[in-house]
Structure formats: structure tokens, C-alpha cells
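Student: There's a structure below that I have some questions on.
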Amino acid sequence: MAASYSCRRTCEACSTRAMAGCVVGEPASAPGQRVTLLAIDGGGIRGLIPGTILAFLEARLQELDGPDARLADYFDCIAGTSTGGLITAMLAAPGDHGRPLFAASDINRFYLDNGPLIFPQKRCGMAAAMAALTRPRYNGKYLQGKIRKMLGETRVRDTLTNVVIPTFDVRLLQPTIFSTYDAKSMPLKNALLSDICISTSAAPTYLPAHCFQTTDDATGKVREFDLIDGGVAANNPTMVAMTQITKKIMVKDKEELYPVKPSDCGKFLVLSVGTGSTSDQGMYTARQCSRWGIVRWLRNKGMAPIIDIFMAASSDLVDIHAAVMFQSLHSDGDYLRIQDNTLHGDAATVDAATRDNMRALVGIGERMLAQRVSRVNVETGRYVEVPGAGSNADALRGFARQLSEERRARLGRRNACGGGGEGEPSGVACKR
């Protein structure tokens with residue numbers, strides 16, 4: 001570290017969870033000096049796919065650092081959209097004794113137990129078809145009640161690590177991004193985590209939009225939010241999260257951040273987990289779509305083509321953008337995207353919460369672990385295998401080692417500065 005940054009300055013920066021590792025002048029590969037980010041796509045019941053992958057990663061971390069290791073202990077920021085936002089809350093919201101509400105291994109049980117009640121499988125018929133034209137397919141009451149019971153009065157600034165959750169405001173016609181970063185300095189953005197999760201899950205035609213208000217107790221100001229699923233703008237939240245982090249770097253909040261340069265994005269270590277898509281299978285043809293009117297664009301064979309297209313386009317464009325950025329920085333190995341573009345049938349839907357399909361989705365997650373590491377070809381948009389990179393499971397083992405080294409380096413730096421850590425949750429000791 002440059003001599004001008006004393007141990008006192010290091011200790012000040014160690015006191016925050018946000019970007020605990022960014023230091024100018026240190027090599028990007030230096031343990032303890034990187035920004036770690038986990039991003040989780042939206043996809044409804046397909047949240048079982050990232051649930052399976054994240055359980056594998058957390059198990060590898062537990063092998064390295066003990067059974068109490070949780071993902072929130074290792075990531076400076078967890079970002080999620082729609083079902084990914086719900087997973088983000090599970091991983092980052094405080095539960096008993098200041099530890100995360102859910103272990104990653106508990107995520108799939110949540111979907112298996114609650115999926116059929118969130119998305120009850122109704123019989124098809126003329127009445128159901130007509131109803132789908134005039135209101136959302138599901139009333140959302142069970143999901144809303146479950147989220148409120150699970151998260152209680154937890155607000156976004158209370159999370160154990162920084163979170164970023166995109167939504168879309170239908171009144172303002174613009175994305176609204178909720179983050180721990182903003183909530184700490186903007187009281188009107190410090191919403192209940194339950195309201196944020198309900199909002200980011202409100203996929204048009206599937207679940208109702210959500211309205212709520214926040215109040216600034218100091219000024220009495222009130223803000224109203226009229227929100228739907230953030231997936232219409234950022235179904236893959238990777239770049240949104242990186243933008244939030246970079247924004248914090250640029251404002252140079254010296255109470256929270258090391259003095260870093262906005263160009264130091266080579267210090268990111270990013271894991272982006274998808275929920276699968278159908279892009280390699282060929283979903284529709286121009287000949288088919290040319291004959292569609294409003295009804296077919298909104299509902300076709302149990303799916304909502306216009307919504308599916310928006311969300312798939314959002315995810316793929318973000319992946320291409322992120323891949324190009326990391327390649328331009330010669331940091332390809334710092335960005336791992338795990339995605340499967342071969343889904344079909346019920347597995348490709350967001351609401352087929354049957355027992356058979358949910359088991360199949362878990363199997364798809366396991367299959368993705370065994371697949372070779374792939375990277376998007378920026379010319380074709382297709383995923384191609386990375387020669388010599390091994391399987392996604394191999395890559396996650398390596399990722400776990402990097403995360404563990406990062407955490408250990410931060411703990412060592414904190415102890416060297418005279419900090420404590422004994423008796424504290426490991427996530428607190430890591431981030432401080």
C-alpha cells in the first residue's frame with residue numbers, strides 16, 4: 001500500500017461493508033483489495049436454478065472456512081432482479097444473532113415449498129383465458145404475505161452486505177434502483193425490504209403492480225413508488241450493480257471508501273448467475289409473429305411472449321456488455337457467467353410450479369454445474385466453451401478459493417490495525 005495511506009486510514013475504511021477492498025496502487029489480483037459482486041437474474045420459479053448453483057458455491061466456502069460460512073460474508077454486493085431479488089434478500093437480510101436469514105442451501109426448499117402456492121396451477125378454459133386478458137394471472141396475495149412474514153420490518157439499509165435490487169416505476173416510466181448504498185444517505189430510498197421484493201417480483205401479466213410510500217422522518221417528506229418487475233429494464237442486474245458501486249467510488253465518500261479511481265473497475269470479481277433461457281432453441285419465428293395481435297403477444301401457449309422477449313433481451317445485452325468490458329481490461333477471468341440457453345417446454349416458463357417441473361429445474365442447475373465454462377461471443381451472442389477452463393463446478397471451486405483468500409486478507413489487515421473480530425459474525429469481521 002502507498003505510504004501516504006496510513007494504518008489509521010486503513011482502519012477507517014475497514015469499518016464499512018461497501019467496497020472494503022479497493023485500494024489505488026495495489027494489483028488487481030492482490031487478496032483483500034477487490035470488489036466482490038454476486039448478481040442473480042430474474043426468472044420466477046426458475047430461481048431453483050441459481051438456488052442450486054449458489055448452494056454448491058456456499059458448500060465449497062464451508063469446506064474452506066467452516067460450516068458457518070455464508071455468501072454474505074464474502075460478497076461486497078449482492079444484486080438480484082425479480083426472483084433474483086428475492087434470493088438476494090434471503091442471503092443478505094439479518095436473521096437470528098445477526099447472521100443471514102437463509103443459507104444458500106435453504107433457497108431451493110423455499111421454492112419447492114412455496115412455489116405451488118405462489119403460482120397455483122389452474123385449469124385452462126375459456127373463462128381462465130378471458131380472465132387473463134383483464135387481470136394478472138395470479139393475485140399475488142400468498143407471495144406478498146410470505147415475503148412480509150419472512151422479512152418483517154427489515155429495511156434495505158439493514159442488510160448484512162450491500163444489496164442492489166432493480167424495479168421499474170410505471171408512473172415515472174423509469175427504473176428505480178434500491179440499494180444499501182443509497183438507503184444510507186437517502187431516507188426516502190430506505191424502503192422496507194419486503195416492499196422492494198414484492199415490487200421487483202411483480203412481472204406484468206403474472207403478478208399485480210405494487211404501490212407503497214416511504215417517509216423521511218427528519219423532514220416529513222413522503223415519496224410514493226408505483227412499481228413492477230425490474231426485469232423489464234435489468235433482468236440481469238450485473239451492470240446496474242457495477243454502476244452503483246462505481247457511483248460510490250466517484251463521489252469519493254471518504255468515510256466509507258478508500259480513495260480509488262473510477263477507472264479501477266479491473267478490481268471487480270464478479271459472479272453472474274442466470275436462470276436459463278431458450279435463445280439457442282429458437283422460440284418464435286417472424287412468420288409466426290407477423291400474424292399476432294395484442295392477445296397473442298400477451299399470451300401464447302401459456303407464455304407471455306412480449307414480456308419474455310424484453311427480459312431475455314435485457315439479460316443478454318448486459319452479458320455482452322459485461323463480457324466486452326472485462327475483455328477490454330484483460331480481466332476475463334474476473335467475470336464468471338453461468339447460464340443455460342437451451343431450456344424448452346415448462347422449464348422455460350416462469351410459473352410452471354408443478355412438482356415435476358421444479359424437480360427438472362433443480363436438475364438443470366446440477367447439469368449447468370457439470371457444463372463447460374462458456375463465454376458469450378460478442379459477435380453472435382451465442383455462448384462458446386472456453387478452452388481449458390474446465391466445468392462450471394471447477395470454476396466455482398476456484399472462485400470460492402479467491403473469495404476465501406479475499407476474506408482472510410481483510411481479516412488479517414483488520415487484525416494488523418488492532419481491530420477485533422472475536423465473537424463477531426464473520427461477515428462483519430470480513431467487511432470491516
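Just so you know, glycine gets a Cβ as well, placed from its N, Cα and C.
Per Swiss-Prot, the features are:
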type: ACT_SITE; residues: Ser82; note: active site, nucleophile
type: ACT_SITE; residues: Asp229; note: active site, proton acceptor
type: DOMAIN; residues: 38-242; note: domain 'PNPLA'
type: MOTIF; residues: 42-47; note: motif 'GXGXXG'
type: MOTIF; residues: 80-84; note: motif 'GXSXG'
Student: Apart from its near flanks, which chain residues at least 6 from the ends of the motif 'GXSXG' (80-84) lie with a Cβ under 8 angstroms of it?
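Tutor: Residues 39-47, 50, 163-166, 200-201, 203, 229-231, 234-237, 273, 275, 350.
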Student: Short question: which residues 6 or more past the ends of the motif 'GXGXXG' (42-47) have a Cβ under 8 Å from it?
Tutor: 80-87, 107, 111, 115, 118-119, 200, 203, 206, 229-231, 235, 274-276, 311, 343, 347, 349-353, 357-358, 361
Student: Could you check what DSSP calls Asp229 (active site, proton acceptor) once collapsed to helix, strand or coil?
Tutor: strand
Student: Could you tell me the C-alpha distance between Ser82 (active site, nucleophile) and Asp229 (active site, proton acceptor) in angstrom, no decimals?
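Tutor: Approximately 6 Å lies between the Cα of Ser82 (active site, nucleophile) and that of Asp229 (active site, proton acceptor).
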